[in-house]
Amino acid sequence: MVPGEENQLVPKEDVFWRCRQNIFDEMKKKFLQIENAAEEPRVLCIIQDTTNSKTVNERITLNLPASTPVRKLFEDVANKVGYINGTFDLVWGNGINTADMAPLDHTSDKSLLDANFEPGKKNFLHLTDKDGEQPQILLEDSSAGEDSVHDRFIGPLPREGSGGSTSDYVSQSYSYSSILNKSETGYVGLVNQAMTCYLNSLLQTLFMTPEFRNALYKWEFEESEEDPVTSIPYQLQRLFVLLQTSKKRAIETTDVTRSFGWDSSEAWQQHDVQELCRVMFDALEQKWKQTEQADLINELYQGKLKDYVRCLECGYEGWRIDTYLDIPLVIRPYGSSQAFASVEEALHAFIQPEILDGPNQYFCERCKKKCDARKGLRFLHFPYLLTLQLKRFDFDYTTMHRIKLNDRMTFPEELDMSTFIDVEDEKSPQTESCTDSGAENEGSCHSDQMSNDFSNDDGVDEGICLETNSGTEKISKSGLEKNSLIYELFSVMVHSGSAAGGHYYACIKSFSDEQWYSFNDQHVSRITQEDIKKTHGGSSGSRGYYSSAFASSTNAYMLIYRLKDPARNAKFLEVDEYPEHIKNLVQKERELEEQEKRQREIERNTCKIKLFCLHPTKQVMMENKLEVHKDKTLKEAVEMAYKMMDLEEVIPLDCCRLVKYDEFHDYLERSYEGEEDTPMGLLLGGVKSTYMFDLLLETRKPDQVFQSYKPGEVMVKVHVVDLKAESVAAPITVRAYLNQTVTEFKQLISKAIHLPAETMRIVLERCYNDLRLLSVSSKTLKAEGFFRSNKVFVESSETLDYQMAFADSHLWKLLDRHANTIRLFVLLPEQSPVSYSKRTAYQKAGGDSGNVDDDCERVKGPVGSLKSVEAILEESTEKLKSLSLQQQQDGDNGDSSKSTETSDFENIESPLNERDSSASVDNRELEQHIQTSDPENFQSEERSDSDVNNDRSTSSVDSDILSSSHSSDTLCNADNAQIPLANGLDSHSITSSRRTKANEGKKETWDTAEEDSGTDSEYDESGKSRGEMQYMYFKAEPYAADEGSGEGHKWLMVHVDKRITLAAFKQHLEPFVGVLSSHFKVFRVYASNQEFESVRLNETLSSFSDDNKITIRLGRALKKGEYRVKVYQLLVNEQEPCKFLLDAVFAKGMTVRQSKEELIPQLREQCGLELSIDRFRLRKKTWKNPGTVFLDYHIYEEDINISSNWEVFLEVLDGVEKMKSMSQLAVLSRRWKPSEMKLDPFQEVVLESSSVDELREKLSEISGIPLDDIEFAKGRGTFPCDISVLDIHQDLDWNPKVSTLNVWPLYICDDGAVIFYRDKTEELMELTDEQRNELMKKESSRLQKTGHRVTYSPRKEKALKIYLDGAPNKDLTQD
């Protein structure tokens, strides 16, 4: 407006007030809406995506106002999961059958409240396919890769400083979509294999360096010269191409680490990013030899500096030139409490010279004397890419732990390095080069580089301190024109955590758009300059030495600058500028990615379900996993299952079909008649991660027809019981309805098995040992307790047994025995040539020797010699085939409570139950013999049993094992002709693996004649409980075991009532073993082939289950108060000082001398040792260490504590026993001769007290060393305390300052301690390098053979290595 004019527009006063009032009204309306929204009830919606097997366990949570339209709910769900709206349905999931519910209308304007959503409650919804088609994924999300499917549900990551313990860095500009889709940033992340964050940050930095990426692209891989798997440059090339072209959110680095020669365990080793940088550059230089890129690392990253020393008297200067790839900057000077404030200050300190004076004076070549001198470093040349390492890890000598320095150190965005270059270097005439190591030492300029190997990622990220005041100053444009050493910061590698472990990520500036990005493994997000300032660490202001421990643990660790030189600064190659081989590689990777995408789509539409099949000929249930595309028809799926189960050569395809099956309940749910062309996705209810049912490939014979299984039917396995033959047949399957009555059910069974329904008795086994007679004809099956899968026993004989009470009937006894019978496989001992008298000669004096002859008669044959197992089996087989239950009852004087039931489905009965056999006694004779026997023989030894034996489990013998007759399913057609029916579970009892596992470990209980109170009165002398006499069922038959059981070994297959006691079980086995039960042992064999002896005679076999293996070993069983002891020979001067001799039996109250007397004949016969009783001793054995010497008058359990599986040393003496009293102390001494570099053999020294002076005197006596020259040390580790002769002279604690042996640091309080001693005047032998190496090899070989080398030491850090040949085992000699 021109000054002086008055044409300015001024509103009238009423218009102004009206406008202001309208604004106030609008604001008030908005506030009211907000207030109403806050008061409005909200609806919590929990949506489960059931369309994808990988997301079915994830849930999406939305908390919306109740007035929200339904269409808005669909929009929010679509945005949350990344689907196109309208391509999916939402149905109710609040326990409602979704098949009967119509999906919500995605176009409806109804509010959630009107659509029956409940405010204040959880409303569950299922996201399902729409019209059988899976939802369409948004293009952005489809490029995210497999792992993005999961990330749709994880929500935003915790913000920095929010109190979480995550070490992931998240910027202030963070948003959910910024890490989800590549399109937001244009960059791809790297997947962290385990602890490879340090690798990811370096790889992203190299990728974002134009000069390095362009040079890498120009290198061409020759596949004919090298394996692509082990080529590091090629794998880096592939990785960079994927980072540039992939549509995934993150890609794997496993191919790169595999080219390093790393295995999967290396991914769990956390290393230092600077260490990796050096090692990777070295590896690349080796791989790029004789190529255009041979000098690439040096051209980009290598600088030069001068290491000089100048004499302060004459000015003479000696120097050498070193090269460096990075400059290590100290955070805090040694001994100082203040850290450097900035990188510039640390750089000045780096080149600050030090004065060499006093004892550190420098010998000047010109002055020919020691003079004061100045020593320092000067930069001669800075690299194009300048790398600065901030040494944040230090060692605290107070706590003797490594620490991290979190002090604040600022760094500028632009760094002027011209002030640090040495411009006076070439002008000094008095200089002389000492060495030029530039070509040889291409490393750091300092040798105090710290290489940190983090093995435990237990660092805690305390967050970044929010104080951001910085001393950063940008260099002006005029400065850029004057200087050519202006460096621009473009990468900050950040460490978050502690010295013990942490997390690396990188903040990198893109030269394409000048924006900063955070590359945190697979997450890439845009950040600001303020986020970079937060990585300076600590907080401003002065602090104490330890104050940094309480500041931020997230700070910069490595900085990379690029020289600002327009002539050299490169840009990234565009796609059209790629070399031809890179274009081919891009095309190849795109094809692979498309193939992976197609494969993922196939996986996404593949139904994976368990498949079972009962093999038609082997009758074995097979299991597999059927993977079928949802669009495949049922007919095609049957063909796939048919081939999967390898039935092509067994049965025709048209004799197979798939049915719905519940393996847990062993139940056929339904068949699919007429649905052969229906897609599997529709039959199975869609693609799901898990299904609540399985599929069974059912087979039939060519002359059979398939039954129809309808939903709602229950499956019943019917076992036919024959009371006369005492057999239980294998099951046949019938299907019934729960609303049928018992009468109707009998008629149904009658048609199937052709038994009269009028006299039929049906017993339902609802669970183990729960038998229920269906006696009320009008009751329905549901009222009787039938479920989806049931088991019944049917009997229809015309005997009078049905008139008896069910609990007293023969039927109940037979079923009870059937339920409690288990099958065991018993390995009999090898027939030893040792006579029976020798076997029994090891009994304790005065035990039961008077009954030995009588006991021998029980197991002798007619000719007075022991029968072989084969003879017993053959004789028993012939004589006992026709033995019936009535004969057994007669033998038991008609006592029904003690009757032993028999059946015709076994071949062999225990000869103990045979009445007329001459091979054994009958039951009455057996009982009479047991009653007159020594009751001590059958008392249990509680402490000798393993805890494993306490683990109880229940299992019943399979019906197909116990049955001798088999029935086939038949139905009658209209013409009364029998039509055979195929049944998927015909003539086979399928035991569910899940059900079997569920029953494992459960303790079985059963009622006996008297309640078990745990007292001895409940057991008779034989070890059988008084209520157990009725549980005497035992059948045995020969069994052909697998090859490899050994000559002379025989197997028995035994069917036995598991309620029988171990004592009775052993008595039944006596005729087969050939010795009395007191002279053999029973070992239970577990899955790992471990054997544990069963010794508790009063316990039953309830802890055994079907098909358990038992090993019988000859040897006297333990009596009460006896213990089995393993005897080892102590050979102190042998290479293996511990040698097993034999197993012996020691008894409570026995003296040591008595046990030695019993050992003498056993040692002579079994070990060939002829010993006199006074020329060997017994002593305590603690693992491999010899302990207390047992004196002859010591009594077991009084003076010596003894336990099961006890071990003892037997030591042969050279002379008379010197140990006479427990007050004496026996130690093993060994002389070390340093002048000869060898150890003398052990010599025992017996001390009368624990005095050190007495020990010295004894050592002086046996060695001839003067008393004052004796030095001794206690051995370390287990006996014989082996140590290398190269280490013994300085590693042991020689000549401890103590007066007695039982104090620290010796603590010698028991016999068997090892004492090394030497002559202090004896000089150590001087070894040449050749002698030392030779001796080192010998000692290493010796110690490895003995296995006694003490190898304990704190865990050493594992050096980071890259193996150029891809084989780490070839690089073991490298440091």
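Any Cβ shown, glycine's included, is placed from N, Cα and C.
Keep in mind that this is a model prediction, so the values were computed, not measured.
What Swiss-Prot says about this protein:
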ACT_SITE  C197  active site, nucleophile
ACT_SITE  H503  active site, proton acceptor
COMPBIAS  430-452  compositional bias 'Polar residues'
COMPBIAS  882-899  compositional bias 'Low complexity'
COMPBIAS  912-928  compositional bias 'Basic and acidic residues'
COMPBIAS  929-938  compositional bias 'Polar residues'
COMPBIAS  940-950  compositional bias 'Basic and acidic residues'
COMPBIAS  953-968  compositional bias 'Low complexity'
COMPBIAS  997-1006  compositional bias 'Basic and acidic residues'
COMPBIAS  1007-1020  compositional bias 'Acidic residues'
DOMAIN    188-564  domain 'USP'
MOD_RES   K122  N6-acetyllysine
MOD_RES   S832  phosphoserine
MOD_RES   S910  phosphoserine
MOD_RES   S933  phosphoserine
MOD_RES   S1013  phosphoserine
MOD_RES   T1015  phosphothreonine
MOD_RES   S1017  phosphoserine
REGION    425-452  region 'Disordered'
REGION    840-859  region 'Disordered'
REGION    880-968  region 'Disordered'
REGION    983-1024  region 'Disordered'
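Under DSSP, H503 (active site, proton acceptor) is assigned to a strand (E or B) in the three-state scheme. Counting other C-beta atoms within 10 Å of each candidate's C-beta, the recorded positions K122, H503 are led by H503. In this structure, the CA atom of H503 (active site, proton acceptor) is 6 Å away from the CA atom of the residue listed as 'active site, nucleophile'.
K122 (N6-acetyllysine) is 40 Å away from the residue listed as 'active site, nucleophile' when you measure Cα to Cα. C197 (active site, nucleophile): 25 other CB atoms within 10 A of its CB, across all protein chains. Under the three-state DSSP scheme, the residue listed as 'N6-acetyllysine' falls in the strand class. DSSP classifies the residue listed as 'active site, nucleophile' as helix under the three-state reduction.
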